[in-house]
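Read through the structure below, which is laid out as structure tokens, and then see the notes.
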């Protein structure tokens, strides 16, 4: 890359990076501005989500009251932007409103201390008290007729309750995307409550929304963790890699512009600024659709949809075809004598260009692998550009990439072969044993949940052809391991987990993969109550029964970390036979009591406990 070319690109990048797509003049009243931009319906929905994500224990009715008060105030400001308090920031207005809740100290304890702080510290304080695992009752789905009656009696309240229940259980759910889920939720009830067989129509749709919602929440949680724990630079690097894969025909300056604005949108949502986030996301979708000719050939269908569907579609759109005539990367990033000069002039721009060029050529790599390669390249330049002969030093840098690429390729190949051999449930059990031995201090429910989710990588990704396996698998595993990191951060019990979670975002998965059995772990005392079961297990769904069995498996490994595969297999087969036998018995409870004692004794003998 000639020096003059780099300078012109640097100018383009810098202006795009600092400016972005959004052009916002200062407004006298921010709340009036957002109300006018979003409209009353979206404004109220977003304020409800915001309050439910902060005050996760408050009753629905209390939140509705707060939302109505904020909405009436916003209307006052729309009528007269110079009215009293209309010039206050949204953080100030929302924070003041949160602090009026009479039961704040009683319900949330030390979170009430946030109210003594000034902005922006007050909002930061509220954010730190968001609970990823709130103590809320499990959502139980009512009968279909009951739901349809509630939907017809008061559609608005029914949909608000959906937003409220999801938002308070998922305090980082991407708010504009939750509005999209609510649109689909409403459509499902509108269609199915009129169907001949309401349940057959509705239940599969609700199951699909639930599963997609959990996945969407987990993906957004990783984005927020990236911003909160590793900073804006880490998020921008992720966005450069992902958008370059998705839009390989777009120019670097265009990708940079999109990255700047995508970062702004996610920073706002992760920071609780949901009105700004939704408004800016709509502007970004508008910009992408107005400039699709210079971005991607795959956007036309998305851009014809209504706003919420459009934004969702753009976020999920398939990768565009790679340009046919891309030159070798080596010329600009290895062979050129100007590498160190270009790097010294603008390190992040040069690394951003490297990441852009590498990612657009490799849709078959995971984003985290691309970021590992960029980090290796950066480390090499830091070392070599200070050496006596820089070019000689960095000439073989691409050779260092080979083991980094082969490690996830081999791991995915081995695990997909294992998955195809075992099936999902037994593959999950394999991971349960593996991870319990690595980090036995982690709570049993967390180990079960994380290992079950890790095990789903098989059915999610192994069916894909080779070029799509790695981006599917490794980026999915990053999302699941972030769930472990988030849950562990609240109540840390393992230095190994803390180390893998905090040292490097992109190396989390390799760090966990490399962990061996924890030899320092002192096995738990055997407790027969852990393995005592009752007749209620017979009425559980297949999924709930699996979780019961997997919970027992984790406990067995915690009692006997050095148990062999064969020993564990024998015990689990005996357990399955025991459950099957007693669930068929006439007197189930007696069977579970008598046969259960025998099972515990046999398990202890088999494991040498």
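Just so you know, glycine gets a Cβ as well, placed from its N, Cα and C.
Other C-beta atoms found within 10 angstroms of the C-beta of residue 27 (Cu cation binding site) number 15, with every protein chain shown included. The Cu cation binding site annotation in Swiss-Prot covers 27, and the record cites similarity to another entry as its basis.
Annotation source Swiss-Prot lists phosphoserine at 29 (among others). Using a 10 Å radius centred on the Cβ of residue 29 (phosphoserine) and all shown protein chains, the other Cβ atoms total 21.
The feature Ca(2+) 2 binding site is assigned by Swiss-Prot to 37, 279, 283. For residue 279 (Ca(2+) 2 binding site), the number of other Cβ atoms no farther than 10 Å from its own Cβ, over all displayed protein chains, is 24. According to DSSP, residue 279 (Ca(2+) 2 binding site) sits within a helical segment.
Secondary structure at residue 86 (disulfide bond), taken from DSSP and collapsed to helix, strand or coil, is coil. What Swiss-Prot lists as disulfide bond is 77-86 (among others).
According to Swiss-Prot, the phosphoserine annotation covers 82 (among others). Taking all protein chains in view, 9 other C-beta atoms sit within 10 angstroms of the C-beta of residue 82 (phosphoserine).
If you take the C-beta of residue 89 (phosphoserine) and look for same-chain residues 6 or more apart in sequence within under 8 angstroms, you find 30, 119. Taken from Swiss-Prot, the feature phosphoserine applies to 89 (among others).
The C-beta environment of residue 201 (disulfide bond), restricted to residues of the same chain at least 6 apart in sequence and closer than 8 Å, consists of 191, 192, 195. According to DSSP, residue 201 (disulfide bond) sits within a helical segment. Residues or ranges marked as disulfide bond by Swiss-Prot on the basis of sequence analysis: 192-201 (among others).
The feature domain 'Albumin 2' is assigned by Swiss-Prot to 211-403. Taken as a whole, the domain 'Albumin 2' (211-403) shows an average pLDDT of 95 in this prediction.
In this structure, residue 224 (disulfide bond) is part of a helix by DSSP. The annotation disulfide bond is assigned in Swiss-Prot to 224-270 (among others) on the grounds of sequence analysis.
What Swiss-Prot records for 229 (among others) is N6-succinyllysine, and it gives similarity to another entry as the kind of evidence. DSSP classifies residue 229 (N6-succinyllysine) as helix under the three-state reduction. Counting every protein chain shown, the number of other Cβ atoms lying within 10 Å of the Cβ of residue 229 (N6-succinyllysine) is 15.
Per Swiss-Prot, the feature disulfide bond maps to 289-303 (among others); the stated evidence is sequence analysis. According to DSSP, residue 289 (disulfide bond) is assigned to a helical segment. Within the same chain, residues at least 6 positions away in sequence whose Cβ sits under 8 Å from that of residue 289 (disulfide bond) are 299, 302, 303, 310, 314.
Here residue 297 (phosphoserine) comes close to 249, 320, 321: these same-chain residues lie at least six apart in sequence, with C-beta atoms under 8 angstroms from its C-beta. Look at Swiss-Prot and you will find 297 (among others) tagged as phosphoserine.
Annotated disulfide bond per Swiss-Prot: 302-313 (among others), in sequence order. Under the DSSP three-state reduction, residue 302 (disulfide bond) is assigned to helix.
Swiss-Prot lists 340-385 (among others) with the feature disulfide bond, giving sequence analysis as the kind of evidence. Other C-beta atoms found within 10 angstroms of the C-beta of residue 385 (disulfide bond) number 17, with every protein chain shown included. A coil conformation is recorded for residue 385 (disulfide bond) in the three-state DSSP classification, outside any helix or strand.
Annotation comment: Swiss-Prot describes 384-393 (among others) as disulfide bond. Residues near residue 384 (disulfide bond) in space but far in sequence (CB under 8 A, at least 6 apart, same chain), listed by position: 340, 390, 393, 394, 397.
Taken from Swiss-Prot, the feature phosphoserine applies to 443 (among others). Long-range neighbours of residue 443 (phosphoserine) (same chain, six or more residues apart, CB within less than 8 Å of its CB): 491, 493. The DSSP secondary structure for residue 443 (phosphoserine) is coil.
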For residue 283 (Ca(2+) 2 binding site) and residue 313 (disulfide bond), determine the Cα separation and express it in whole Å. 15
For residue 270 (disulfide bond), what is the tally of other C-beta atoms lying within 10 angstroms of its C-beta? 21
Cα-Cα, whole number of Å: residue 500 (disulfide bond) versus residue 279 (Ca(2+) 2 binding site)? 36
Determine, to the nearest whole angstrom, how far the Cα atom of residue 229 (N6-succinyllysine) is from the Cα atom of residue 270 (disulfide bond). 12
Students should find that the Cβ of residue 460 (N6-succinyllysine) has, within 10 Å, a number of other Cβ atoms equal to 15
Quick one: pull the CA-CA distance for residue 86 (disulfide bond) versus residue 270 (disulfide bond), whole Å only. 24
Run through the Cβ atoms and count how many others sit within 10 Å of the one on residue 538 (disulfide bond). 16
Report the nearest neighbour of residue 588 (N6-succinyllysine) in space among the binding-site residues 27, 37, 279, comparing Cα positions. 279
